[in-house]
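As structure tokens, the structure follows; a few thoughts come after it.
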């Protein structure tokens, strides 16, 4: 009991002390600002309870004259502060300073000599134009510096001297036109560098070599068209890199090979037109690959993504022209679990693509124009345990009988095992105007079972097979046509043809050079009859014009007195020899070659030719066949006569009906077999090259109408 007064005095003293401190704190807090304890994460992501002074959005013109002594975080965002004067009253424990969205125009107006403990400084959305030498050298403990969205056009080589503890540097959205590797000599511990959305003209070799501890590099939105092979040399600890929203037209494969520990790669929103063989290969630590939102991406070629033993996820979505993925595009990816391919222009995905991914757990191919035929039938064959994401958005676009149906609801037996090739409409444009001397590529890809072969036909009718190399043309094995140094002579119609055992598909592009076609010289067309037989005629032709369409028409009119048969054929323009077969002996024909040009004019020429007559042996053979045929016909008529006689003797049958049937049968008009069965049309195989007809059309005109 004697100790009670003492305890009361102690508690009273503590209460008075706390009250005095609270009053002092309240007095020190700047007017209109909020002073309180708030959660805060350090640059190294350590959580702490920090004494925070919040003076955001108050229209302040000057830095607060007095702050609580224990202030750790000072927020001055969205004011009109243009200068920070020297003061002896700066809190010595200040670790975070946010001066974003103010009116600062020079770093020299920011006096930070009394802020040695600062860890984070935010200077975003001010009017800073340059960083002079040693401008922040007193901040030896600084770990984060944000200078995004300023007007920086100049950074002195020694601007960051003294910031040897800096971990994060953000320079996005300024006016920098170059990157100087000397900037980084003073930043050996930098882990994150963001320098996107600057008008940087190009990146040079060894630009980032001093950043030996860099882990994340973001070079987004700076209109880069290429990355030098040695640009990333020295970044041995780099784990993540983003080239988002640049103008790269191909994967910077050689540069990426120098980053041996890369785990995350972002190439989203670049106009890369194809992922080529080996573009992503032997990157032993890569875990995630992003190739989304690429407006020009058409195909992912064979072995494009190869030997990435740690890759877990591929995202290739929202690519409006991505219409082809080679069956062997993804190879040696033992840990790949997630394959995102939704919202592209894919008509199919080969089963072989999926079979090559042993650990695949989920796939997304919805929102694609799926053609429900042989290539995609594996989906419904219950041969996979892979989870399809958003299956309710997976619909058939073709063929018409399945249009609008959910792919998973079409039975695999309703889809053929083999099917025609299909060249995606998005592969290349139908018309293109190019400048003289330029280089152009057309990427032709087709899906089918069996897999199709692809070749090209030039305006002159020249056939270009895969791996063909000339002075002007090169056809890649995948089907890409390169035209080098375009001149007016290269103008005209180029046709890609995809063919397999089932049939063929074609797609053409009309090229103008400097807005016009080559001059039309009213080129000649010559026809030559190379061989005449009793049942066939071999015809060839030559056109001086080099601007033919990809189809040639052939027609033949039989000029015998009673014949009305005519046939026609459309064939590729690279075929200039044609064999007309199954013709009638000793018969005069009119053969016409009709060649349309890109000027909507036609080169047409006709010749008359008479087939040979049959030799004596053939005549004797045909006579024997005719005798045999007549004997069989006589026997057949005899049997019919007996049947009719028996029918007449029967009281239940009408004899007149039988006589009427025989009479009608015998009165059938006669006609040549060639008129009823048009001659088969075969392409002439010249040498070892095999050409496939795109469309063969045979018609018979004016046959007798009362054949029954």
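Just so it is clear, glycine is given a Cβ too, placed from its N, Cα and C backbone atoms.
Among the features that Swiss-Prot reports, disulfide bond is placed at 444-496, with the record citing sequence analysis. Contacts of residue 444 (disulfide bond) defined by a Cβ separation under 8 A and a same-chain sequence distance of 6+ are given as 423, 427, 428, 454, 456, 479, 480, 481, 496, 498, 507, in order along the sequence.
Here the domain 'LRRNT' (23-69) returns a mean pLDDT of 87 for the predicted model. Sequence annotations record features per position, and here Swiss-Prot assigns domain 'LRRNT' to 23-69.
Long-range neighbours of residue 93 (N-linked glycosylation site) (same chain, six or more residues apart, CB within less than 8 Å of its CB): 70, 71, 72, 117. Annotation comment: Swiss-Prot describes 93 (among others) as N-linked glycosylation site.
Secondary structure at residue 103 (N-linked glycosylation site), as computed by DSSP, is coil. Around the Cβ of residue 103 (N-linked glycosylation site), the number of neighbouring Cβ atoms within 10 Å comes to 14. As annotated by Swiss-Prot, N-linked glycosylation site applies to 103 (among others).
Look at Swiss-Prot and you will find 223 (among others) tagged as N-linked glycosylation site. In sequence order, 199, 200, 246, 247 are the residues near residue 223 (N-linked glycosylation site), counting only same-chain partners six or more apart with C-beta under 8 A.
Marked as N-linked glycosylation site by Swiss-Prot on the basis of sequence analysis: 382 (among others).
Annotated N-linked glycosylation site per Swiss-Prot: 522 (among others), in sequence order, evidence recorded as sequence analysis.
The feature N-linked glycosylation site is assigned by Swiss-Prot to 579 (among others), with sequence analysis given as support. The 10 Å shell around the Cβ of residue 579 (N-linked glycosylation site) contains 17 further Cβ atoms across the protein chains shown. In the three-state DSSP scheme, residue 579 (N-linked glycosylation site) is classed as strand.
Residues or ranges marked as N-linked glycosylation site by Swiss-Prot: 608 (among others). According to DSSP, residue 608 (N-linked glycosylation site) is assigned to a strand segment.
Among the features that Swiss-Prot reports, N-linked glycosylation site is placed at 625 (among others), with the record citing sequence analysis.
The feature repeat 'LRR 3' is assigned by Swiss-Prot to 117-138. Within the chain carrying the repeat 'LRR 3' (117-138), a Cβ under 8 angstroms from the stretch's Cβ atoms is held by residues 42-43, 77, 92-108, 110, 144-163, 170, all 6 or more beyond its ends.
Feature annotation from Swiss-Prot assigns repeat 'LRR 5' to 165-186. For the repeat 'LRR 5' (165-186), same-chain residues at least 6 beyond its ends with a Cβ under 8 Å from one of its own Cβ atoms are 43-44, 124, 140-153, 155, 157-159, 192-201, 203-204, 206-211, 218, 220.
The repeat 'LRR 8' annotation in Swiss-Prot covers 237-258. Helix first, then strand, then coil: DSSP counts for the repeat 'LRR 8' (237-258) stand at 4 helix, 3 strand, 15 coil.
Annotation comment: Swiss-Prot describes 23-628 as topological domain 'Extracellular', evidence class sequence analysis.
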Field: residue 496 (disulfide bond) in three-state DSSP notation
entry: strand
Query: What are the DSSP helix/strand/coil residue counts across the domain 'LRRNT' (23-69)?
result: 6 helix, 16 strand, 25 coil
Field: Helix, strand and coil totals (DSSP H, G, I; E, B; other) for the repeat 'LRR 5' (165-186)
entry: 6 helix, 3 strand, 13 coil
Task: Can you grab the distance from residue 608 (N-linked glycosylation site) over to residue 579 (N-linked glycosylation site)? Cα atoms, rounded to a whole Å.
output: 15
Message: Using CB atoms and a 10 A radius, I'd like the single residue among the recorded positions 496, 608 with the highest neighbour count.
response: 496
- prompt: Given residue 579 (N-linked glycosylation site) and residue 103 (N-linked glycosylation site), what distance in Å do their CA atoms have, once rounded to a whole number?
  reply: 84
